[in-house]
Amino acid sequence: MAEIRKVMVIGAGQMGSGIAQVAAEAGLQVVLNDIQDEFIQRGLAVIRKNLQRAVDKGRMGQEEMAAVLGRIETSCQLDAGSDADIAIEAATENMDIKLGIFRKLDELMKGDAILASNTSSLPITEIAAVTRRPEQVIGMHFMNPVPVMKLVEVIRGLATSDAVYTAVHELAEKMGKTAVEVNDFPGFVSNRVLLPMINEAIYCVYEGVATPEAIDEVMKLGMNHPMGPLTLADFIGLDTCLAIMEVLYEGFRDSKYRPCPLLRKYVKAGWLGKKSGRGFYVYNN
Ligand SMILES: CC(=O)CC(=O)SCCNC(=O)CCNC(=O)[C@H](O)C(C)(C)COP(=O)(O)OP(=O)(O)OC[C@H]1O[C@@H](n2cnc3c(N)ncnc32)[C@H](O)[C@@H]1OP(=O)(O)O
Ligand SMILES: NC(=O)C1=CN([C@@H]2O[C@H](COP(=O)(O)OP(=O)(O)OC[C@H]3O[C@@H](n4cnc5c(N)ncnc54)[C@H](OP(=O)(O)O)[C@@H]3O)[C@@H](O)[C@H]2O)C=CC1
């Protein structure tokens, strides 16, 4: 396959902005897309802040920072990235939204472009099936915060070709990450293991076993987790956590994956965690 030089990132939220940042730092041309310019500007502000911190710490020169930012073009129109070699979709965790985006990408992008999704849990095979190029569709699952976390889970859909897998594996390594190959099952590996633990921690709050602070303290001091599960849930976004639990529950039809009612209640209340200012904790963003 031809070398990947240009990337379109769809969704400028916490994941999309991080993916755009590490891609531009790796020397790739980037088009960052979202439905509203306001979200793109918010994503760019986070990228600038991260790069400025690297400059302040002497890890990056001012000129390099300007060059990285210069490689990021922005647009609210998907066709601005139609000549990119790969699209990495990081829009909201909702199947209808993702299917709509992949249908459009399939129409717009050049024939040999790879279409990747950063979905946390949704089936890659189902996303691929709405395109005319299912062998070029793949999961490229970065971890949050993208500039810091080393892993990219690379998910093969049923039809994903070996050449596309290899190209995406190499791209992840070029972006300074370690790629791990996983097959397409609900929640893949990362969230099949992580989210039931988070959901169980929420059940502990729901059932009055302990306060959120106490639960997080147990897991930090007792299990050496860098963040307690409720802080992590707030960090991921409670809407995303609920969406992942729903995919696990519906995908396996096993009651062990039922989302905690308290999680549903918080999401209905708009308590989405750090990004909305309130979840299990309160934040001054
Ligand atoms: C839901 C899914 O589909 C999959 C997922 O992503 S699940 C979530 C996976 N992520 C995790 O589990 C994260 C768990 N938490 C951690 O690893 C750590 O708490 C953390 C890396 C986020 C912060 O680390 P810390 O040591 O507690 O804090 P701190 O010292 O402030 O930060 C360490 C470094 O990370 C950087 N950093 C922290 N948060 C950051 C962010 N949001 N964006 C960019 N950089 C960040 C800091 O600038 C700092 O960099 P330097 O050392 O170069 O200065
Ligand atoms: N949060 C996490 O820890 C992780 C999340 N992921 C996955 O990454 C994806 C994004 O998550 P995250 O960044 O946290 O979510 P955010 O809510 O922070 O960002 C999603 C962004 O996508 C935008 N968006 C929605 N629909 C479209 C569309 N049709 N076209 C372009 N942009 C759109 C949203 O705009 P608006 O606000 O208007 O809806 C928002 O700006 C999800 O699939 C999630 O599961 C993967 C790994 C970790």
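Cβ coordinates come from backbone N, Cα and C, glycine included.
What you are looking at is a predicted structure, and each value in this text was computed from that prediction instead of being measured.
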Per TrEMBL, member of D34, D162, D254 binding NAD(+) alongside G11, A12, G13, Q14, M15, G16, E93, K98, S120, N144, K275: D34
Sparsest-packed of the listed binding-site residues (G11, G13) - C-beta count within 10 angstroms: G13
Listed binding-site residues adjacent to ligand 1, that is, members of G11, G13, M15, D34, K98 whose C-beta is under 6 A away: none
Largest tally of Cβ atoms lying within 10 Å of a Cβ, found at which of the recorded positions D34, H141: H141
Helix-strand-coil residue split for the domain '3-hydroxyacyl-CoA dehydrogenase C-terminal' (187-283), DSSP-based: 66 helix, 3 strand, 28 coil
